[in-house]
Amino acid sequence: MAAAGGKTYSFKVVLLGEGCVGKTSLVLRYCENKFNDKHITTLQASFLTKKLNITGKRVNLAIWDTAGQERFHALGPIYYRDSNGAILVYDVTDEDSFQKVKNWVKELRKMLGNEICLCIVGNKIDLDKERHVSVEEAEGYAESVGAKHYHTSAKLNKGIEELFLDLCKRMMETAQVEERSRGNGASNTSTGRRGVQIVDDEPQTAIPAGGCCTSA
Amino acid sequence: MSQRSERRGIHVDQSELLCKKGCGYYGNAAWQGLCSKCWREEYQRARQRQIQEDWALAEKLQREEEAAYVSSHSSSQTQPPQSHSQPSLATFSKFEEKKTNEKTRKVTTVKKFFSPSSRTAPKKESHEGKTPSPSITRQSSIETDRASQDFLEFLKTLQKPGREIQKQSRAFIDSMGNKKDLGAEELSECVQDFYQGMSDRLLNHYKGSSEKVDRVMDQVEKYIMTRLYKSVFCPETSDDEKKDLATQRRIRALHWVTIQMLCVPVDEEIPEVSDSVVKAITDVIEMDSKRVPRDKLAFITSCSKHIFNAIRVTKNEPASADDFLPTLIYIVLKANPPRLQSNIQYITRFCNPSRLMTGEDGYYFTNLCCAVAFIEKLDAHSLNLSPEDFERYMSGQASPQRQDDPAAWLQSGSRFNPALSQIHQNLSVLSNLEKRQQQVIEGAQSLQTELAEWQDSVAHEVQEIMERYPLEIKSRASAIDAENVENDRLPPPLQPQVFAG
């Protein structure tokens, strides 16, 4: 899951949202900087990775696209298991897609608690004239559930870099908090599965003050 | 005094409290009056004896079964005769258990012979297929030997840590040999702990870079899982096999699901697409033939790549998850991969978690899990059908294609099924042939009648002519030259002249 010795972080981010809200365009714009381009070279846009360097720390981002059709909704838990962040996309011209996002938020909070960083993204702001979800409503809702809200346009390449950069920073913070609470030592390379078990065994006193990973 | 009376009250004497063996320690009723130490000794001995007996029995059973298998090919029905000679009632339940174990093992092997994997991976299965019954000899197969060799070769490049890795892996495999009775989850726990311990050690003790550690861990996984495969894949302690069969049946019952119902964005009319579809199906089936979790994952990834190619060719844009998942579901339905649940469980339990959680392989594996979950829970709603239609299709009373008249069915069928279109084509070719044959036969018949007529007419004509010109025979002259009137004018025949010499 997260972090190897404070040097490289690996994060899993799931993309959730109804079909046709532009999840794929969003991620293709971010990773390939292309939109509806005939020259897109990748074979697929469902699993993409991006390497980042944030404040001197390397981050490997794995972006998991999910099938947005209603009939696959029940499969959500299989996708977002062990993910560090979720990007919930809706179409600003489509009230229904915003309702779907609300459902996702409820489900994610129920299943994963506060460990997961949520981003609510209103896409297609280039179609602002046809907007059906008001800015106030969306931002108010995001705040009420502890998520951040972003406005993006994959077509105009607006707000996407900020979205992912912000999310990465937040996930790093969460990971660091988790490391600190877990205890800082040989075990911080462990995967989630093992990490959970270690929590009980490891004495809290083992934390060296201001260790390599504790500096935020 | 008071103590004594108390003791007397519950009728327990000091001597009764002591260990029956007389070692001086207190005994316990739960250990049949022995102290903990003596009980352990006693129990261990009894247990050892029991295990040995069971082993002997199991081996005997196995030999008998093998003999039975060789003599008659109807293997599983033959009841081993010594089922009458049970050693004692006490071991009866154990015996029964062993027997069922033997049976289930046999079922898996019999299944293995007929599973599609034996067709798709002839190289490996044929070597397995040579041994007629599940015997221990199979464990040391060519494949495990090769894996060990590769592993040793690889470790040589690592020098000192390599030796330690090898020692630990060997020790781990040996220790796993004693844990056969554990449940699948505990086995998984053991293996995962081993991975964890090993990679921690490599990272911290030998200060390896994370990429290097990953590479080493891949090799470790390959080595130990090739060795352990037989004992931990679809273990008898789990109900994996039952789930396999349930899924297989389920997929078979769903044979009528079409590309349209799943909204799969591939057009199999395009040759390249249908080619990719076939390759994807082959890959997902072939996954079963591999032993190492990572190799299995590699096949899932390759299957996914073929799917992406099919989508890309059809839609001319990179595939999103919205396209990919339905197509994967369609491929799984078409392929009905053998032992699908066992394979998924095996990968989940024994794959190096770092691969499974975030890597690309992990993504495709997760999608496969989703596809299976979808297939299991699939209902009328998820295919956009009415519940009545769904029921009818499931029960086999109706087939979605046959609602219209046969001609339309054939036509529509050929559109989304290359096999159907092939059949259609063959049928028309056949009917064409039949027509031509009919013509040939008719031609032959008319020729025959013509011939007969001709013969008749010839005979008739001959007859007519014969009647018209009756045969007259003139009286003949006696000499050959009689008719020759100018015979006298002919010169005399040449006489041979004799020259005097």
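Cβ coordinates come from backbone N, Cα and C, glycine included.
What TrEMBL lists as coiled coil is B:430-464. Here the coiled coil (B:430-464) has a mean pLDDT of 95 out of 100.
Annotation comment: TrEMBL describes B:71-93 as compositional bias 'Low complexity'.
As annotated by TrEMBL, compositional bias 'Basic and acidic residues' applies to B:94-105.
As annotated by TrEMBL, compositional bias 'Polar residues' applies to B:132-142.
TrEMBL lists B:13-47 with the feature domain 'A20-type'.
As annotated by TrEMBL, domain 'VPS9' applies to B:241-384.
Residues or ranges marked as region 'Disordered' by TrEMBL: B:66-143.
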Open item on the list: From the DSSP assignment alone, can you count helix, strand and coil residues within the domain 'A20-type' (B:13-47)?
Closed with: 19 helix, 4 strand, 12 coil
Open item on the list: I'd like the per-state residue tally for the domain 'VPS9' (B:241-384) from DSSP, helix first, then strand, then coil.
Closed with: 112 helix, 1 strand, 31 coil
